[in-house]
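Trainee: This is the structure I want to talk about, given as structure tokens.
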Amino acid sequence: MAKGTYEGNKTHVNVGTIGHVDHGKTTLTSAITAVSSAMFPATVQKVAYDSVAKASESQGRRDPTKILTIATSHVEYESDNRHYAHVDCPGHADYIKNMITGAAQMDGAILVVSAEDGVMPQTKEHVLLSRQVGVNYIVVFLNKCDKLDDPEMAEIVEAEVIDVLDHYGFDGSKTPIIRGSAIKAIQAIEAGKDPRTDPDCKCILDLLNALDTYIPDPVREVDKDFLMSIEDVYSIPGRGTVVTGRIERGKIEKGNEVEIVGIRPTQKTTCTGVEMFKKEVVGIAGYNVGCLLRGIERKAVERGQVLAKPGTITPHKKFEAEVYILKKEEGGRHSGFVSGYRPQMYFRTTDVTGVINLQGDAQMIMPGDNANLTIELITPIAMEEKQRFAIREGGKTVGNGVVTKILE
């Protein structure tokens, strides 16, 4: 399973591609790995378009009765200063709910916009979702610029993108916008060109530089108690069960005791191995890792549970929360709701139905309102105060909340 050890001598940053379907997110992902692998052949592998796309597709087709897995592809690459783990988020509207957990893994996002098409509905929705799930830094890649007959078109699209960023609370005027063509960069590398001097690769170097300079070094919560939300579960013959996910805080290494918390009764086990990109690591906050668990069957664990230091987090189902209900113009509900409303609550990698009850004299909560609500979930999940969650209904986000008090 392991192929060497990851030497963490560069700052580690999680990023991902967002944007409308067919604007070139997957092509750009492949282009970045192509350019980076040409510059750092010892440590970075080029990932072909088909490999990125296939990973997204294969992970996306799951039993419809289960919580839908994030249809994403994970790749890694380097700049001169940083090591990046990159997730290629799906752009299709059917998969948009997965961005709630997909984008939550990002320290920053690369918004891909086709210079031919300009801003499209999913461009806006992904920017909105990024804001909601706490992605505070976006770098824009204006793709397919080689196909423009009129260079002024790029100016128009750029202005449009800045407006969208400003509208959703990002600073459009300060956001780096890089123009280029992902496919041209791939072709240049395939033709054996030097990425540091070839004009078609310049846009990718500019993009890496923008990621390095615009997205600040992440503040990791390494010193807190270990917690990782389980994204996926695999069985490895002869080795046991592996759970994967992003470490939210603390660190984990071979031999540590852990608890599996939420959805089912809490189980205690020992982590017998930690890996990232097929290399053995000490997992620290921010890393996407796989943890091998001793004596745990594949069917005894599921996505949405958390792996944590024993005794540090407990399962709960009833809590008070401060929520903001999105206005219609923000993509939310057109009408209000009353007590008994049953939407989906998204906590980390869990989506679970909850019954909302209004507090005090409130008769109805309207779009645009801030309110303190009592929520009871149908299943207990690992929860703590100050934890953020999204409220979803009919395939769209209708509100955001933060747990203010755990009741039971």
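The first residue you see is number 1, and the count goes up from there.
Glycine too: its Cβ is placed from the backbone N, Cα and C atoms.
Grabbed the feature section from Swiss-Prot, which reads as follows:
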DOMAIN    10-219  domain 'tr-type G'
BINDING   19-26, 88-92, 143-146  GTP binding site
BINDING   Thr26  Mg(2+) binding site
Trainee: DSSP on Lys25 (GTP binding site), three-state: which is it?
Mentor: helix
Trainee: Could you tell me the C-alpha distance between Thr26 (Mg(2+) binding site) and Cys145 (GTP binding site) in angstrom, no decimals?
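Mentor: Between the alpha carbons of Thr26 (Mg(2+) binding site) and Cys145 (GTP binding site) there are 16 Å.
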Trainee: What is the Cβ neighbour count of Gly19 (GTP binding site) at a 10 Å cut-off, with all protein chains included?
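Mentor: Excluding its own Cβ, the number within 10 Å is 26.
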Trainee: In this predicted model, what is the average pLDDT of the domain 'tr-type G' (10-219)?
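Mentor: The average pLDDT of the model in the domain 'tr-type G' (10-219) works out to 84.
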Trainee: With DSSP assignments reduced to helix, strand and coil, which class does Gly19 (GTP binding site) get?
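Mentor: Assignment for Gly19 (GTP binding site) reads coil.
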Trainee: Under a three-state reduction of DSSP output, how is Cys145 (GTP binding site) classified: helix, strand, or coil?
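Mentor: In the DSSP reduction, Cys145 (GTP binding site) maps to helix.
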Trainee: Going by a 10 angstroms cut-off between Cβ atoms, which of the binding-site residues Lys25, Cys145 has the sparsest surroundings?
Mentor: Cys145
